[in-house]
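Chemist: To start, I am sharing the structure in question, which I have written as structure tokens.
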Amino acid sequence: MLNNKRLFTSESVTEGHPDKIADQVSDAILDAILKDDPNARVACETTVTTGMALIAGEISTTTYVDIPKVVRETIKEIGYTRAKYGYDYETMAILTAIDEQSPDIAQGVDKALEYRDKDSEEEIEATGAGDQGLMFGYATNETETYMPLAIYLSHQLAKRLSDVRKDGTLNYLRPDGKVQVTVEYDENDNPVRIDTIVVSTQHAEDVTLEQIQEDIKAHVIYPTVPENLINEQTKFYINPTGRFVIGGPQGDAGLTGRKIIVDTYGGIARHGGGCFSGKDPTKVDRSAAYAARYVAKNIVAAGLADQCEVQLAYAIGVAEPVSIAIDTFGTGKVSEGQLVEAVRKHFDLRPAGIIKMLDLKQPIYKQTAAYGHFGRTDVLFPWEKLDKVEELKDAVK
């Protein structure tokens with residue numbers, strides 16, 4: 001008999017992973033600037049490696065931010081507070097190399113500076129995209145958060161791994177860690193069980209592998225994963241190399257924007273290639289990806305599809321998206337053409353329209369930079385709102 005089961009795997013990383021440190025530092029700097037200057041232009045890249053961080057990019061702002069102070073506070077919050085961890089917020093070196101935004105880019109983004117503080121139609125029309133590019137948003141009804149199960153559980157496990165470190169439950173854990181979850185789907189594409197869970201966590205030198213494996217199951221996996229999804233066939237790989245003492249930036253260099261699949265949908269949807277962290281909302285890499293998730297989530301919540309992927313594309317200096325594409329993977333209750341028309345009618349997808357619609361000039365970005373930008377249960381981001389459901393239903397009647 002033919003076995004129609006299907007496996008799909010996604011991963012997440014903890015806030016102490018080198019690439020995630022870089023994302024959080026970039027977004028902490030962005031938030032510090034937006035708090036005093038909501039109209040600032042920020043493109044902030046971070047590199048972390050043993051004993052140092054490099055902050056580079058283009059920033060145009062009317063405010064002053066003590067960048068080294070922001071960096072140190074962020075590293076401290078993550079948990080790199082002792083030299084024996086291989087990275088220490090107090091003693092690390094911090095290099096900065098910041099320029100202003102290119103005037104060639106700026107003139108395409110804001111032709112109408114006189115409308116800068118007004119939400120007028122003229123300002124929205126005059127604000128062009130900060131770059132060309134394509135962005136995707138996705139939603140599915142397989143979880144209550146409208147996220148794929150594998151990435152949702154990966155984030156929940158990674159967050160739990162950090163929580164039990166920070167609250168002292170497992171005080172031998174260190175900040176770096178990774179999680180991977182493999183979900184089995186039945187022939188109707190419904191998730192039925194967890195096939196494999198991988199957890200790799202940095203730890204103190206004096207703890208045994210057996211204790212780590214026992215504690216991670218008891219304090220991280222079992223309290224997080226619904227018991228009906230785990231059975232005797234579920235495989236657990238906990239620190240499968242046997243040792244993970246050297247970690248964080250001492251073990252691997254980290255860079256902003258290197259965890260774009262972790263940040264989004266765990267590989268189940270397509271990705272346009274642009275990262276989010278360190279970018280102000282005039283950068284459509286970030287704001288349009290948030291808008292695309294907002295659109296897709298409302299379509300699925302409205303019952304118009306079981307799965308939905310939305311693609312938006314832009315030209316630099318042009319306000320209107322050059323294309324809007326929707327794929328419901330055969331699960332749509334109405335045609336994809338009808339959905340596109342409804343989206344054009346009820347969502348303003350011009351860059352300034354997105355910023356206004358989702359209130360994106362707020363300093364909310366640091367909290368997005370670990371454990372996913374979408375489907376979070378610990379914080380409600382504006383692009384997760386379900387306030388367009390009735391409008392979409394009415395539009396396709």
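Numbers run from 1 along the shown chain.
Including glycine, each Cβ sits where the backbone N, Cα and C put it.
Features from Swiss-Prot:
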- HIS17, ASP176, GLY177, LYS178, ARG243, PHE244, ASP252, ARG258, LYS259, LYS279: ATP binding site (BINDING)
- ASP19: Mg(2+) binding site (BINDING)
- GLU45: K(+) binding site (BINDING)
- GLU58, GLN101, ASP252, LYS283: L-methionine binding site (BINDING)
- 101-111: region 'Flexible loop' (REGION)
Chemist: For LYS259 (ATP binding site), write down the residues of its own chain that are at least 6 apart in sequence and whose Cβ falls under 8 Å from its Cβ; none is a fine answer.
Modeler: VAL13, HIS17, ASP19, LYS20, ASP23
Chemist: Hey, does DSSP put ARG243 (ATP binding site) in a helix, a strand, or just coil?
Modeler: coil
Chemist: Spatially, which candidate from the binding-site residues GLU45, GLY177, ARG243, ASP252 is nearest to LYS283 (L-methionine binding site), comparing Cα atoms?
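Modeler: Checking each of GLU45, GLY177, ARG243, ASP252 against LYS283 (L-methionine binding site), the shortest Cα distance is to GLU45.
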Chemist: Using Cβ-Cβ distances, find the residues under 8 Å from GLU45 (K(+) binding site) that belong to the same chain and are at least 6 apart in sequence, listing them in sequence order.
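Modeler: When sequence neighbours closer than 6 are ignored, GLU45 (K(+) binding site) has ALA22, SER26, ILE55, ALA56, GLY57, LEU255, THR256, GLY257, GLY278 within Cβ distance under 8 Å.
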Chemist: Are there residues of the same chain, six or more positions away from GLY177 (ATP binding site), whose CB falls under 8 angstroms from its CB, and which are they?
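Modeler: In sequence order, the residues whose Cβ lies under 8 Å from that of GLY177 (ATP binding site) (at least 6 apart) are VAL13, THR14, GLY16, HIS17, ALA158, LEU161, SER162, VAL199, SER200, THR201, GLN202, GLY247.
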Chemist: Could you round the CA separation between GLU58 (L-methionine binding site) and ASP252 (ATP binding site) to a whole angstrom and send it over?
Modeler: 25
Chemist: Among the binding-site residues HIS17, ARG243, LYS283, whose Cβ has the fewest other Cβ atoms within 10 Å?
Modeler: ARG243
Chemist: Considering each pair of residues in HIS17, ASP176, GLY177, LYS178, ARG243, PHE244, ASP252, ARG258, LYS259, LYS279, all listed as binding ATP, report the largest CA to CA distance in Å, no decimals.
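Modeler: Those residues reach a largest Cα separation of 36 Å.
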Chemist: Check the DSSP secondary structure of the residue listed as 'K(+) binding site', expressed as helix, strand or coil.
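Modeler: Where the residue listed as 'K(+) binding site' sits, the three-state DSSP reduction gives strand.
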Chemist: Need one number: mean pLDDT over the region 'Flexible loop' (101-111).
Modeler: 59
Chemist: The residue listed as 'Mg(2+) binding site' has how many other Cβ neighbours within 10 Å of its own Cβ?
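Modeler: Total other Cβ atoms inside 10 Å, all chains included: 22.
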Chemist: Determine, from DSSP, whether LYS283 (L-methionine binding site) sits in helix, strand or coil.
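Modeler: Once the DSSP labels are grouped into three classes, LYS283 (L-methionine binding site) ends up as coil.
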